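These come from Swiss-Prot:
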type: COILED; residues: 614-646; note: coiled coil
type: DISULFID; residues: C43-C56; note: disulfide bond
type: DISULFID; residues: C100-C208; note: disulfide bond
type: DISULFID; residues: C107-C199; note: disulfide bond
type: DISULFID; residues: C112-C157; note: disulfide bond
type: DISULFID; residues: C221-C251; note: disulfide bond
type: DISULFID; residues: C231-C243; note: disulfide bond
type: DISULFID; residues: C299-C332; note: disulfide bond
type: DISULFID; residues: C384-C441; note: disulfide bond
type: DISULFID; residues: C391-C414; note: disulfide bond
type: REGION; residues: 157-199; note: region 'V2'
type: REGION; residues: 299-331; note: region 'V3'
type: REGION; residues: 391-414; note: region 'V4'
type: REGION; residues: 457-463; note: region 'V5'
type: TRANSMEM; residues: 674-694; note: transmembrane segment
Amino acid sequence: MCGRNQLFVASLLASACLIYCVQYVTVFYGVPVWRNASIPLFCATKNRDTWGTIQCLPDNDDYQEIALNVTEAFDAWNNTVTEQAVEDVWSLFETSIKPCVKLTPLCVAMRCNSTTAKNTTSTPTTTTTANTTIGENSSCIRTDNCTGLGEEEMVDCQFNMTGLERDKKKLYNETWYSKDVVCESKDTKKEKTCYMNHCNTSVITESCDKHYWDTMRFRYCAPPGFALLRCNDTNYSGFEPNCSKVVAATCTRMMETQTSTWFGFNGTRAENRTYIYWHGRDNRTIISLNKFYNLTILCKRPGNKTVVPITLMSGLVFHSQPINRRPRQAWCWFKGEWKEAMKEVKLTLAKHPRYKGTNDTEKIRFIAPGERSDPEVAYMWTNCRGEFLYCNMTWFLNWVENRTNQTQHNYVPCHIKQIINTWHKVGKNVYLPPREGQLTCNSTVTSIIANIDGGENQTNITFSAEVAELYRLELGDYKLIEVTPIGFAPTSIKRYSSAPVRNKRGVFVLGFLGFLTTAGAAMGAASLTLSAQSRTSLAGIVQQQQQLLDVVKRQQEMLRLTVWGTKNLQARVTAIEKYLKDQAQLNSWGCAFRQVCHTTVPWVNDTLTPDWNNITWQEWEQRIRNLEANISESLEQAQIQQEKNMYELQKLNSWDVFSNWFDLTSWIKYIQYGVYIVVGIIVLRMVIYVVQMLSRLRKGYRPVFSSPPAYS
């Protein structure tokens, strides 16, 4: 008897466990979960010039940041934000400078005479050493005749071309910068055979008009439904798989458009310290300079410059200098405590965790790239008021490195070129010769672009021409994310089970970023506020879209529907599309407009359950990412079956309403069923009757025609 009781109790416990221990999939809407995204960002600026207005929306300064208690990976080089910045600044650059007419290169042989000036950009005088450091009160700054500076090196050329008149050649005279032509070295006489140095290019682009390239400040903003995360760790060096100080933002900080090699100008990341962003897999670096040293660069191009157009043939015009007029060289002066700043760079490099070279700063040197590199690499290349300067940095490097027996100056000679290698895409642009009058540019030097080649005996910091690296420093601590508010987790509650009544409460709308405030909280704590969070999400999305719509309305250029205009307008509808997509997915599971939705689908993996008090939703989502597809499919199948069951139930329950008894269509249908049943019964009785009659006949029946009796 006792054994039977124990068996009964065990069976009860087993039944209870089967009922209550089964875990079911529960859908949560409004969880703080995100994943990396790569959608287009839109830019905002306060610059009101024409081309900047076309490219970006007006800036309204209505942005916020919220600290998150999470750990996230950041990479300045594998980053959609920095890549978009490079692409967009290139677009701004081309829009401003406007090299817009494509021409066939001028590749005829020319007879040229060299008119060598006193000193040239490419080979500054180094036969006699000189140490000249100019200051604010130096007279040569005003007269542009500092030691070593001379006139531009030019070449006077003659060549024949046809085109203006049929089968008739015309002799042209043209003066070129010596850097824009290549002469045959075998010629020893004064008159040499020369070609333009772009003749190996199939198509080049010539500037339509002379334009300024003034830097502009702008910021990037994420479309509604997306956000930007920023690593706020002071030790962040461009690559950090576990950044623990993370903030969420709708927009980036303001940044400057920068286009230069060797140095970055007017950056926004300078602090009272020197720090280095280092590529995670090679020796590329971008070094942020300490703003304490007040490092600036002043570039000047003396006046007395004239330009004349030369018509080569119909539709082909080149602009040139008048013959035998040589302008004075452009030059750049480096102001500030440069030697101290460079020493601090070396000390910072020696302490960097990625650095494996010598710790002796005397063996760490700044060097220039090889002379055989492209001009933009071999020289410091920058843009001053629309003109492209190529500066030979030999004097400067000798000065900061204190190289004895070498010419040392804190200024360098520069050369202006018409034919430019594009810095972002492979190609060449031909720009108009420099405009007349004096040009002056003053910029703050905030960073160095360099490659680090370290060794036990010596380390070389080689200046680089990677313009894109400037934006790794400006925006490399950001990453773009897409908020995915739908989450799955196992619970013991099955659909249609009674749930505790929740008291209603007001929602404090923090905007869209308020949606992420519980990202660092445990799953259980975050789940308690899902109802408020989902409403916050929708309210924040609508608010964010309204702000974007306001700035679009304020920009009249958007009515032209340029490429950027359509891009920014598309950003406005991204969040609604995303929200509707989420709701459509929830609806396919029978969970539309619910914050917590219990289902009848059993949890697929009993060993994988969340610790509601010690794990965040972001961590949990990473664990079950491989199961989400199967869970989603199971939820859809369960919802389809649920709808079928509901349909059948509704058919059975259709007679419980008294009015349905008087529905003629229902009566006709069931009358048909009755007729079918009666006819079936009649047919069945007829079959039974025939069978019975045959059975009786077989028992007493003799055949009428039987075999005749046999007679003996």
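Yeah, the Cβs are placed from backbone N, Cα and C, and that goes for glycine too.
C107 (disulfide bond) carries neither a helix nor a strand DSSP state and counts as coil. For the disulfide-bonded residues C43, C107, C231, a Cα to Cα distance of within 10 angstroms from C221 (disulfide bond) holds for C43. Cα-Cα distances to C43 (disulfide bond) place C251 within 10 Å, out of the disulfide-bonded residues C231, C251, C384, C414, C441. Here is what falls inside 10 Å of the CA of C299 (disulfide bond) among the disulfide-bonded residues C56, C107, C231, C251, C384: C384. Shown are the disulfide-bonded residues C107, C231, C299; of these, the residue with the fewest other Cβ atoms within 10 Å is C107. The shortest Cα-Cα distance from C231 (disulfide bond) to any of the disulfide-bonded residues (C56, C112, C414) is found for C56. Across the region 'V4' (391-414), DSSP assigns 8 helix, 7 strand, 9 coil. C251 (disulfide bond) has C56 as its nearest neighbour among the disulfide-bonded residues C56, C112, C243, C384, C414, going by CA to CA distance.
Between the alpha carbons (Cα) of C107 (disulfide bond) and C157 (disulfide bond) lies a span of roughly 13 Å. Helix, strand and coil counts under DSSP for the region 'V5' (457-463) come to 0 helix, 5 strand, 2 coil. Around C384 (disulfide bond), taking its Cβ as the centre, 22 other Cβ atoms fall within 10 Å, counting all chains. Between the CA atoms of C56 (disulfide bond) and C243 (disulfide bond) there is a gap of 31 Å.
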